[in-house]
Structures are given as C-alpha cells and as structure tokens.
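The feature active site, proton acceptor is assigned by TrEMBL to His171. Here TrEMBL flags Asn202 as Mg(2+) binding site. Feature annotation from TrEMBL assigns domain 'DNA/RNA non-specific endonuclease/pyrophosphatase/phosphodiesterase' to 106-334. The domain 'ENPP1-3/EXOG-like endonuclease/phosphodiesterase' feature in TrEMBL is assigned to 107-334. What TrEMBL lists as transmembrane segment is 22-47.
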Amino acid sequence: MWWNNNSSINKRQLETVYTPNWMVLSMPICFLVGASYFIGVFSGLWVRTRVRRVMGAGQRCLNHRFHNPAWLEPNNFRGSRISFKTTNAINDMAVLKREDTLQLISRSNYALLYDKNLKMALWCGFYLTSGMVKVARHKHKAHAFYTDRTLPREIQVKPMQLQRHAYDKGHMAPLASVATCVTTSFEASLASNFVLQHKSLNRGIWKRLERISRCYVEGDGFSTLDELFVANQYDGNLSPLKRRKGWVFSRCLAVSTGVLFRKEKNSLDCVFQGNKSIVPIPDELYMALWDVHSHQHIAFIIPNDETAAVKSVRTKHLNEGKKSRQFISMRKAKIQKLAPMIKRIQNPFEKIELSDINRFRVTLKELEDRIALSESVIAEKVLSTSLAVRGTGTINNTKHSKRHECILEYQTLPVELFPLQKRRRACKVSFTRAFWGVLPREHKSTIFREKIICLHKCNE
C-alpha cells in the first residue's frame, strides 16, 4: 500500500473523495441530449415548413407560367349544331355549325369568342394575378379605341358603330387588369374587346366588380370578394375547399365575362333584318370569378339598362371615410366607451356595396343554363324562325319566310364554364377523399345524418 496507517487520510475518506458523483455527471449529459432532441424537433419542423413553402411556391410559379387565357374557353360553346329542312323538299336541308360563326381570338393576356354575324364578342376570359395588377397600375393607360385589323374587313367594327345614346364602350377585359405593357394595352383597346354597356352599368356595378376583383388578388385583408365567396356557400354542386394561409398573398382569379340575349327584347332584329352596320346591344352581361387555388367561385348576371344603377360613392367621400377610420383607430385604445360605435364606423360603405352586388348574384349552374338559352335565341335569329328552341328538341310545322313549313333541330350539350378548373378541383377532391377517406364537410354531414337516423329510431 502506498499509504501507511499513520497517514491523516484513511481508506474510507479516500474512497469518499475519489468516488465519482454520477448524479452530477449525468445532469450535463441529460441536458445535452434533451437540447439536441428539441433542436432536432424544431429544426425538423422548420425544414418541413420551408420545404412545403418552397414546393408551394414552385407549384404556383408553374401554374402562373402556364396559365393560357384560351384554356378558359367554355366547353360545348362552339359545339352546337342547327339544322333546318323544308317539308316540301326533304333534300333541301341547311346546317349551321356554331364553330363556323364563332372565332376564338387569343391575345397576350385574354381570349375572346367573336361572333362573325353579330360583330361582337360573346365571351371573354383572362387570368388575374397580383403581379398583373401591380404592373398595370403603374402603366400609363390611354383610353383609346382602335379598329381590329386582325379580323376580316367584312366583320370589323368601326368607331361610329359603337356610338349610342346613354351607352358606353365597355371593355370585356378591363384595361386596368390586363394592360401590363404597351402591347397588351393596345390589344385591350381593340374594338373586338368592346361591347355596348349602359352608362349605369359601366360606371356602376361593373366598375365595382372589376375593382373588388383586383383588390382580392392583391390580398389586402378580408376584401369584399372574400365576403361574397363566404356568402356563396349555397351552391352545393361546387362547394369551395378550405383556403390555405400561404395562398393569401398569391391569389389568382380566372375571370369569364360575356353577353346574353333574351327572346322578348328583340335586340337582334336590327342585325338580321339587313342592316349589317348596326352592332346589337346586349340585353344582359355576366361575370364569373373562380379562385384557381381555393376553387371558390361566384357569378353575376346584370341587366344592361338603367335598372343596373347602384348607389354611387364618390372618391371624395371614400377618402373622408378613410381618414376618419385612421383617426378612430388611433383613439380606439383610449376611448373604450365608443367601441360599439367604432365597429359601425370602420366600414361605412361595405354594407352598401354588398347589398348592391348581392341582388345580381346567381349560381354557376344558373349562369350556364342562361348562356345556353341565349345561344338558342341567337340560333333562332340566324335561321329566321319565330319560335325559340331550348336544349335538344324538334319543332314541326314552323313557318319559315312565310313560304314553306320546316323542321328545326337545335342540338347542343350543356355549356360548362371553367372546365379546366373543375377538372383540377375534381382531381383534388378525389385525392383528398382517397387519402383521408372522406372530406371534412362530408364527415360532418355523415355524422348529422347518423344523428337524425338515431333520433328516428328512438321516436319509433
């Protein structure tokens, strides 16, 4: 032994001094293990979030890059077929195909379906993004009107043909939405992009719809269009999916606008009675909006007359309201007693705007049926018949030109707006249903149905 019995440190004391304290040694090890665990968890969550954001940004970039306005063309719009034959001469048959009278015009930022007989566009489609709105806002836009030289001379529209009392030359694709450069600004000012709109419509509700669609894609808080989308939940055939928070700042709208004709208005008589220089005035105009990411949608049908007038709010009053809201927000923390009044003052014009817009709102299915009915009215005028035909049908013993009896057959499939967006939504819903088994909304409805069945059994 290297120590002796006379040493002041005995064996027991030495064991006490040199015995390691495992509790003290394990504390930093446990701390390091726990810290590394939590760091790994948080770093994993951070990496996962970043990867998801990068993937979402890439997907949105690809979607925006390959958004072709011509893809928004409605299905079965040019597929109708009208045939007519006389009873005296069975072999004397005339066949009219709508694809022969409708021409698809594809521009840089919008697409048109131009009717050669009416010399006007029946449908217009374009995509609207925040980038387009920001670029178009800083571009100098001259409200000009140019004859579309890309069309044949016999179907071109001159400036004098679009001058009517109490009617404006209204854009189908608005200049403030699609004019991102000099070329697109010139294309938006072509005569093929204009229709005759009543001044109450063009300067009122139509202007508001264009403005709130631009505010929506810019993501400036909870806009008016958000409220309209929320209020549009009654359209059960195409219930919107839940919006992701990451898509708020990269919204993209697919917009379809067009004109409609009614049989009782006789607006097409001036065209088919031999006066080819007159451009007809549409009876109604429609606008349909579809959110490309969340698949929310809304549609409007607005009469093209003085009944479309809404309560106008001047810019001066809007600026005064904005200043008052800023002043109230600064004093809101100090004046607690005025909280109920502040809630009413913060948005003094939103309720008026929603009440004006909601009276023109329809479901997408109602709009598609109305477009098909308008096509039947145009087909009737083209063949100079006296009876309107809806859908697929046959009319016998019809007078044609007061000389012969004829048989008219009008065959068409239902018009479908936003066909590409509906296919994408169907794929998304099928994938979600296959992965989760059932959608959240369907799950709630299933539970509600089961509760009703249980209540019926209990009552029995």
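In case you wondered, yes, glycine gets a Cβ from its N, Cα and C as well.
Note that this is a predicted model, so its numbers are computed, not measured.
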Among the recorded positions His171, Asn202, the one whose Cβ has the most other Cβ atoms within 10 Å is His171
Across the domain 'DNA/RNA non-specific endonuclease/pyrophosphatase/phosphodiesterase' (106-334), what is the average pLDDT of the model, as a whole number? 79
If one measures from the C-alpha of the residue listed as 'Mg(2+) binding site' to the C-alpha of His171 (active site, proton acceptor), what distance in angstrom results, rounded to a whole number? 9
